[in-house]
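Trainee: Feature list, courtesy of TrEMBL:
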type     : residues : note
DOMAIN   : 19-290   : domain 'Sugar phosphate transporter'
TRANSMEM : 12-32    : transmembrane segment
TRANSMEM : 44-64    : transmembrane segment
TRANSMEM : 71-89    : transmembrane segment
TRANSMEM : 101-119  : transmembrane segment
TRANSMEM : 149-171  : transmembrane segment
TRANSMEM : 183-202  : transmembrane segment
TRANSMEM : 214-241  : transmembrane segment
């Protein structure tokens, strides 16, 4: 895609991530609610198909694998497992609205991690936009008529691990001088091996409710389709973060919750209270303010570069 302008490639990557992320939420929720497919087993399918997809990509010459030591990828593989497992458990236990909106807390946590661990600074106005986002998430979760304490624990753990994972994705690509495909190519099989060892302790493998249980052909097709979409989500996450930043990726991601929230109400009859609506509105205002300030900052930087002799 070298002939496509950088803005066009970024727009295409964002569009792929938007479409795939929305599809994966609804499809996974359907597999959990309607079919009762086990969570960790579905995650394993996602990892395996992601690795298979990358293997085919490198066989077709889309990228050249780069030799990496397992120790260099291990922290990323562990956080990748935690990120997918806890977010899937959150989706399984919460309404789609609460699940999606809780993910908005990833942005404040990422800002905190980058400030404390990496010494990155953010303007005060950017930090202030995180206040309505956090308040909106709290209001939505507190007034959710289907409030689930265990679901909120999963959502909190998911936010913490996801934040670490997304920060490390960007840091590792720069540290190891690899692109998104090269890094994910090594990480996906390592994460699959970890889950393969863990699954028998938490979920049945054979029989009713197990990954090798008596599933119908339509169920198998839906699980495989979920894996293909997960591959697109994983690859686009790496690509977008590598070409922008974890915070920018998350701010883009927050707009997806509007569509998933509407879909949750229509497909799964998730109720929505007035206070939840206020929480959603509050979060949206914070997102819009962040986007405005970020765009202003980028324009200012471009002007400064243009003025240099």
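Even glycines carry a Cβ here, placed using N, Cα and C.
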Trainee: Most CB pairs under 8 Å with the transmembrane segment (12-32): which of 71-89, 101-119, 183-202, 214-241?
Mentor: 214-241
Trainee: Are there residues at least 6 beyond the ends of the transmembrane segment (183-202) whose Cβ is under 8 Å from a Cβ of it, and what are they?
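Mentor: For the transmembrane segment (183-202), the sequence-distant neighbours (Cβ-Cβ under 8 Å, at least 6 residues beyond its ends) are 40-41, 43-44, 47-48, 50-51, 54-55, 58, 63, 65, 68, 70, 73-74, 76-78, 80-81, 85, 169, 172-173, 176, 211, 234-235, 238.
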Trainee: Per the 3+ Cβ pairs under 8 Å rule, pairs at least 6 apart in sequence, do the transmembrane segment (214-241) and the transmembrane segment (44-64) touch?
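Mentor: Yes, since the transmembrane segment (214-241) and the transmembrane segment (44-64) share at least 3 Cβ pairs closer than 8 Å, they count as touching.
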Trainee: Please work out the mean pLDDT for the residues of the domain 'Sugar phosphate transporter' (19-290).
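Mentor: Within the domain 'Sugar phosphate transporter' (19-290), the model's average pLDDT equals 78.
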